[in-house]
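This report refers to the structure that appears directly beneath it.
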Amino acid sequence: NHTPLTDFVLSGLSSRPELQHLLFFTICSVYSMTLIGNLLICVVTVHPTLHVPMYFFLRVLSLLDISTASVVVPKMLVNLLSQDSSISYPGCVTQLYCVVFLATTEWYLLAAMAYDRFVAVCSPLRYAALVSPRLCLALLLLSCASGTVVSVLQTAWVLTLSFCGPRRMNYFFCDIPPLLTLSCADTSLYERQIVSATALVILTPFCLILLSYACIISSILKISSAESRHKAFSTCSSHLTVVTLYCASGTLIYLHPKSSHSQDTKKILALIYTTVIPTLNPLIYSLRNKEVKEVLIRAM
């Protein structure tokens, strides 16, 4: 006898009216930096001197970062200045599907990038044979296939939930944890499934990345030049910092999906992986790279 909801209301980052314009300009600035930085990487890495697997993966990573931010941020910016912050049920499901697909694909792509760096550092003489263009394409397709499977399953599960209670979502985009808190059905089975999916999608690639970098660091320690060791450690530490930040924010959000008392904390964590990290990736993965900077300077 319940009337199903046809839309949801997104509360946004803050309910305080005096902060709306400040948040708008801040998020808009960060989003602009995300677009400019990642578009530069996409353009620069097409240069013939950068036709190597590492820059192929970086180009795809930049496209994923642009897509992730573009799925979430424009709607958030509109809601900050609009009196109507509602989102339709089909729009909510579509946004959820895109976010899960892009996040899952990016995680497996990060694992592929760690393998690429592992081979480059630990087996440089066999790099061309072990990391061929065919393998790079296969790893990309495998990442996209993993993202498709996970997003289809998660979205299908959400479509089975019934929403008959409050329509106000304490979040700034449609995601699994806030949707579970609004559901009037028993979600215990779904919560266990989310925990399993989190272990598969986030923790498994993270462990593979850590293993790759453990081998990389072991090889770096054998380098005689202190300057070369410092440069390699700097690159590794920057990469691992972002990966750890991404992993921590994702696991804290999805390992306890229905804990309503921590929704404000989850909003901050979600803001990190949907808005902040896409801005940091160009700086850490590419713009600190000497070859990329040389090509960029010549292009400018």
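Even glycines carry a Cβ here, placed using N, Cα and C.
Annotation comment: TrEMBL describes 22-44 (among others) as transmembrane segment.
Look at TrEMBL and you will find 37-285 tagged as domain 'G-protein coupled receptors family 1 profile'.
Among the features that TrEMBL reports, transmembrane segment is placed at 56-74 (among others). Beyond the ends of the transmembrane segment (56-74), by six or more residues, the same chain brings 27, 31, 34-35, 37-39, 41-42, 45-46, 95, 98-99, 102-103, 105-106, 109-110, 112-113, 116, 133, 136, 140, 172-173, 274-275, 277-278, 281-282, 285-286 to within a C-beta distance below 8 angstroms of the stretch.
Annotated transmembrane segment per TrEMBL: 94-115 (among others), in sequence order.
What TrEMBL lists as transmembrane segment is 135-159 (among others). Listed by sequence, the residues of this chain that lie at least six past the ends of the transmembrane segment (135-159) yet keep a Cβ under 8 A from its Cβ atoms are 53, 56-57, 60, 93, 96-98, 100-106, 108-109, 112, 115-116, 176, 179, 190, 193-194, 197, 200-201.
The transmembrane segment annotation in TrEMBL covers 197-221 (among others).
TrEMBL lists 233-256 (among others) with the feature transmembrane segment. Packing against the transmembrane segment (233-256) from elsewhere in the chain are residues 103, 107, 110, 117, 175-177, 194-195, 197-198, 202-203, 206, 209-210, 213, 216-217, 220, 262, 265-266, 269-270, 272-273, 277, 280-281, 284-285, 288: each is 6 or more residues past its ends and has a CB under 8 Å from a CB in it.
Taken from TrEMBL, the feature transmembrane segment applies to 268-287 (among others).
Non-local neighbours of the transmembrane segment (22-44) in the same chain are 12-14, 50, 58-59, 62-63, 65-66, 69, 73-74, 76-77, 80-81, 275-276, 278-279, 281-283, 285-287, 292, 295-296, 299; each lies 6+ residues outside the stretch with a CB under 8 Å from one of its CB atoms. Mean model confidence of the domain 'G-protein coupled receptors family 1 profile' (37-285) amounts to 84 (pLDDT, 0 to 100 scale). Long-range neighbours of the transmembrane segment (197-221) within the same chain, counting only residues 6 or more positions beyond its ends whose Cβ lies under 8 Å from a Cβ of the stretch, are 103-104, 107-108, 110-111, 114-115, 117-118, 121-122, 146, 150, 153-154, 229, 232-233, 236, 239-240, 243, 247, 250-251, 254-255.
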